Amino acid sequence: MVFKLLEQAGIKIDLDDEPKKVQTAPQFDDDDENEIRIVIVGVGGSGNNTITRLYDLGVQGAELIAMNTDAQALKHAKAHKKLLLGKDLTQGKGSGGDPEVGYRAAEASAHEIAETIGDADLVFITAGMGNGTGTGAAPVVARVIKERARHNGRFREPLVISVVTYPFKNEGKIREEKAKAGIKALLYYSDTVVIIENDKLLQLVPKLPINAAFRFADEIIARMVKGITETIKLPSMVNIDFADVYSIMHNGGAALIGIGESDSSNRAVDAVKNALQNKLLDVEYGSGEKALVHFTVGPDVSLGEINEAMNIVYEKLGEKSEIKWGARIDEDMGKMVRAMVIMTGVKSPHILGGETALQLPVKESLLPAEPKAGFNSFEDKIYKVISRKSDEKPGSDMRGYINKLLADFDDLS
C-alpha cells in the first residue's frame with residue numbers, strides 16, 4: 001500500500017535502517033523574472049530534515065532554505081540557503097524545546113528572514129509542532145512573508161502553505177498543547193496548514209521503529225511538496241498550474257493529506273481509495289470544501305486510468321467540492337501508482353475544535369529593521385497563543401484563552 005514510498009525513503013521492508021543512495025540536488029537557478037517563484041522553508045529540526053530530504057531528492061524549480069536556532073544542526077542541513085535565527089539571543093545553541101525562545105529568535109531575525117526568502121509566489125513552510133523552534137518561529141516566518149509583500153505593494157500576496165507534523169500521544173500532554181497552539185498561530189498567517197498526525201502515520205506502518213517513522217513523515221512531506229512544485233514548474237502528464245493551486249489553497253485553513261499506493265490491476269482507483277482511507281489527520285469526510293489531488297505514476301499508466309480514479313474522488317467528496325488534480329510520470333514508480341489527496345477547510349480536534357474563524361487578515365505593519373524590544377506589539381499578543389504561562393494547566397480551556405486574547409485586537413486597529 002505505501003511500501004514504495006518506504007523504499008524511496010530508504011526504509012527497507014525488513015526495517016533495516018541503512019539508507020539508500022540519493023541523488024544530488026542541482027543548484028537553484030531562477031533567472032527568468034516571469035517564472036513562478038517557489039520557495040520551500042524548513043524551520044527547526046524537523047523542518048530542516050525535510051529540506052535535506054528534498055535536496056537529496058533533487059526537487060526542481062524551487063529554492064530550499066533551512067532556518068534554525070541550533071547552529072550545529074543547521075550546519076548538517078542541506079539547502080540552497082541557511083539562516084541562523086536569533087544568533088545574539090541563543091548563541092546558536094537552540095531553543096531548548098521552548099516555543100518562546102523560537103519566537104523571540106525569529107522576531108529578532110525578522111529582517112534577515114525577509115531578505116533570505118525574498119519575493120516569492122508560493123512558499124511552503126515545513127516544521128514539527130510541539131517543540132521549540134518549529135512551533136515558535138514558523139508562525140513568524142509566515143507573517144514576515146505576508147508583511148513583506150504588503151510592504152512592497154504586491155498586487156497578490158504570496159501563497160503560504162505550511163506543512164506540519166502533530167506529535168505522538170505518548171510524547172505527552174504538554175507537547176500536544178504546544179502543538180495545538182502552534183498550529184493555531186500558523187493559521188493566522190498561512191493560507192493553508194496541512195497537518196500530519198504522527199499517530200495516524202504510525203497506523204499505516206505500525207512495525208516501524210520510531211526513528212524510521214519520523215523519516216517516513218519527512219518523506220511524505222518531501223514527496224508532497226516536490227510533486228506539487230514540479231507539476232507546476234515542469235511539463236507533466238497533467239499539469240496543475242499555479243492558479244489551480246492558488247484557487248484551492250488560498251484561505252484554505254486547516255488541511256489533511258491522504259496517501260495511497262497500488263500496483264493492482266485496478267491500480268489508480270485502488271491508490272485513490274487507499275488515499276481516502278489513509279487520512280493522516282483525524283477528520284470526517286464532508287467537512288472539506290476543496291481538494292487537490294496529485295498522482296505519481298509509472299510510464300505505462302493511461303489517462304483513462306487516472307480519470308476513472310478521479311470519479312471516486314468526486315463521488316466521495318460531493319458535487320459541490322472544488323477539486324483540482326495533476327499527474328507526473330516517475331520512471332522509478334514502475335507499475336505503481338501513488339495518489340496524494342490534500343483537502344482544505346477541514347475540522348479537527350487538533351486545531352481547537354477545527355474552526356477556521358480565527359484565521360485573521362494580516363495587519364498592516366512595516367518590517368522591523370532592528371529586533372523588537374518588549375512584548376507590546378500586535379504580534380506579541382498573537383504569540384501568547386503559542387507561549388502559555390506556566391500557571392495555566394495544559395488541559396485548561398484554550399478556546400476561551402484565545403478568545404480573551406483576540407478581544408484586544410480591536411484596540412490595535
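Cβ atoms here come from the backbone N, Cα and C positions, even for glycine.
Source: prediction; values computed, not measured.
Neighbour count (other Cβ atoms within 10 Å of the Cβ, all protein chains): 24 for D218 (GTP binding site). Per Swiss-Prot, GTP binding site is recorded for G132, T133, G134, E171, R175, D218, and the stated evidence type is sequence analysis.
It is G132 that, of the binding-site residues G132, E171, R175, has its Cβ surrounded by the most other Cβ atoms within 10 Å. When secondary structure is read from DSSP and collapsed to three states, R175 (GTP binding site) falls in the helix class. Counting only same-chain residues at least 6 apart in sequence, those with a Cβ under 8 Å from the Cβ of T133 (GTP binding site) are V43, G44, G45, N68, T69, D70, L85, G94, S95, V101, G102, A105, A127.
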